[in-house]
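Quick look at what TrEMBL annotates:
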| type | residues | note |
| --- | --- | --- |
| DOMAIN | 3-74 | domain 'Ig-like' |
| DOMAIN | 194-289 | domain 'Fibronectin type-III' |
| DOMAIN | 294-389 | domain 'Fibronectin type-III' |
| DOMAIN | 395-490 | domain 'Fibronectin type-III' |
| DOMAIN | 493-579 | domain 'Ig-like' |
| DOMAIN | 590-684 | domain 'Fibronectin type-III' |
| DOMAIN | 704-787 | domain 'Ig-like' |
| REGION | 372-393 | region 'Disordered' |
Amino acid sequence: SVPRCYLNKQLATVRVLKGDPAELSCTVSKDNVTGAWFKDGLKLTSMDGVIFEKKGLVHKLIINKAEDIHAGKYRFEGGDVKTEASIFVEDPPQVDKVLLKNLTSVPTVAKAGEGVKLQIPFEGRWPIRAAWLKDRMELGDDTRIRVDKTDTCTTLSISSCDRRDCGDYKVRLKNDSGVLEINLKLVVIDKPQPPEGPIKIVESCANNITIQWKPPKDDGGKPVQRYIVERQQVGRNDWETLGETPRSCTSFTMSKVEEEMSYYFRVRAMNVEGVSDALESGEVKAAGKASPGAPDPPKIISASRDTITISWKAPCKTGASQIMGYIVQKRKKGTVTWLPVTNVPVKDKKLKVTSLKKGIQYEFRVAAVNAAGTGQPSDPSEPAFARDPTKSLGQVQDLKVSSSDSTSVTLTWNKPEVQDGNDVKGYEVEMKPCNSLSWTKCFTLPAESTSCRVQGLEAREKLFLRVRALGDSGPGEALELKACTGAAPVVSPRLLIDDTVKSFLVIKAGNPIRVKIPFEGSPEPVVTWLKDGLPLPSRAAVSTEDGSTQLLLRAAKISDSGTYTVELGDGLGKRQTFSFQVQITDIPQPPGTIRLEENVPNTVTVTWDPSASEQWEKNLYYTVLKRESQKGLWHVLGDLIYNNKFTFTRVVPGRDYYFRVVAKNDLGASDPSETVQPWRIWKKKAEYRVKAQKYRGVNQNQPPKFLVPLKSHVVVTGSECHMSCAVGGHPPPKITWYKDSRDLSRDPNYFCTNDFGVCSLVVLGVTKQDEGEYMVEASNEVGRAFSKAFLAIKGNS
């Protein structure tokens, strides 16, 4: 019998991006098998972009560039074998890479009130759904915002933007092949908001008033430059500008005030976009003669059923004269009316207030008196009851631990015995570890609560707890007990990875690398850090405490790029790991030597040695610049160049060119590499052959004559100036150009031509030194002629 052919390897389904290569392959057991390929049930003999290949036992179907027509179910048949698989061609949404880089790397900046239009062209399999999001909320059409979409583009339009529109935007493009999300940033700049109030009167006396405010909550996107302070005298309509303060100063002192005159003040913030609305004060009255300042609040010394004794201290500011006494006032707690305690000032700083109502709470305040009058009153004292002293509360009863676990203890107790109407107002719970001498307050509870749970403890922790009752007479005597938490449950080690832990970090060289990763596990797991599978460098610092571990490298180097791994282990074989990539980047090194070649007539090909930064910077690109003459301005020829070659095609023969190449990445640009010697393509003069006609007896010689004279010019600094004239004469005159009587024939900064009597002078990269009188001389053997003109230079403005 003939051995059967069978499959060693079957076809496998392939998913491929549109435009990428794809391949189906299978392996049979016999070399002499001639197979056939089928697509969607139809036999394939030929197909655009598809190659059928057989190498020994392996049969392949190769697609060089996958397109939509290549998607489908494929089958291979050969001999006794048959195998099939599918090719899925994915065409997710895509956006041009250069456009994507420009949109995401640089924020869009707009001024308040202007319209903003963000447009994203895209490609991909239709239909594509486009959505714009801000702060995770999808944007829809309203009176200011409009979202438009076509088959190839989506646009966000804001008719009149303001500061509310600042923030991070996301464009989400989605089809059945995938999702593309683009992050954009919009910055709207405006004048600042008003300074934050209220305006405080820091000092008010007979000679000056000092006011104070806070910076605005929103500076408009541009730093506040200064504050403008104005005042208005009460009863008048006009505002007077007092002065300005720098942004670092939020107070202002005005010295020109009239005694006992009232004013309004207002402050405006200013940035480069304009001046904010004003923050206005209430009415402020300038003090008269220096009266005393406010004393500190009085202290309660003692109390009985109808008297309360208070004391106080003299104010820090006594005014311009000696204090003669104090005005003492009282009020019932909860009322607003202050009543005098005595009819005359009290000379002592202690007073026993009598004739009070039993059981009522009172507050007191005092004001100092001198020759200028009564000063500002103090703040109120602490409220106090007019009643006889009561005994302090006793200890709580039946204090015990009702339950406990590995991290908490629950206490219960009963109210203390109450005497003489001294009711319990609440409870205070405190704790201290066994090895500590100081108590820490845990809770203050209302009178109805007679239990509490103390949490956040360690497993098997021993500690002391105490509870005391609180009443009007003060805290009662504390009752304490000793407690202990239970054993901690076993928790497998687990890394708590969330959105704050990134899997890819880009760090600028010199900046710190700081990664903090939380974890859990009981008992405490063993933490190990690795870089590229090896121990960390000696510069790295690792700290592990309170359920988190942190890696710190204070000044990153290029060599610190790589894969970092944190590993948790419980000592019993259970492990969990997390890895993340770190890419260290920096401003690129300059490119190498520049070389220039004329491979094609009237072009120059610029090549250069790559920057050393290409070894570690994936997003590196180059910019090529040129200038004409040594004093000209640099102009960009090409940007976003990802190779080491550029061809400049608009070369003017006879001009000198200098070239410069700069390496760039997301962080900035390198120092430039430049050509030292000028590059010039020499202008080939056309050869003309004129057959001389013989004239007899006629003298054709004519002296030079200007058919079109020179004209004066006015040009801008940095531009080119073209001066021209037309000359006749026979023999053809010799042309010589002069500036302020200096011959320009050999000056490389000037380019002279003479085409059949039309004479031109080109001044390259005009500067102020090129200003002056220019003269052209035409001479032959018969005579000479001259023409003059003036060149005036004006600066860029």
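Each Cβ is built from the backbone N, Cα and C atoms, and glycine gets one as well.
Annotations in TrEMBL come from automatic prediction, not curation.
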Statement: Its residues classified by DSSP, the domain 'Ig-like' (3-74) shows 3 helix, 35 strand, 34 coil
Statement: Residues in the domain 'Fibronectin type-III' (194-289) per DSSP class, helix first, strand next, coil last, are 0 helix, 50 strand, 46 coil
Long-range Cβ neighbours of the region 'Disordered' (372-393) (under 8 Å; 6 or more residues past either end): 288-300, 302-308, 310, 312, 315, 317, 319-321, 327, 329, 331, 333, 338, 356-366, 416, 418-422, 424, 468-477
The domain 'Ig-like' (704-787) - residue tally per DSSP class, helix then strand then coil: 3 helix, 51 strand, 30 coil
- prompt: In this predicted model, what is the average pLDDT of the domain 'Fibronectin type-III' (590-684)?
  reply: 86
Field: Three-state composition of the domain 'Fibronectin type-III' (590-684), taking helix and strand from DSSP
entry: 4 helix, 42 strand, 49 coil
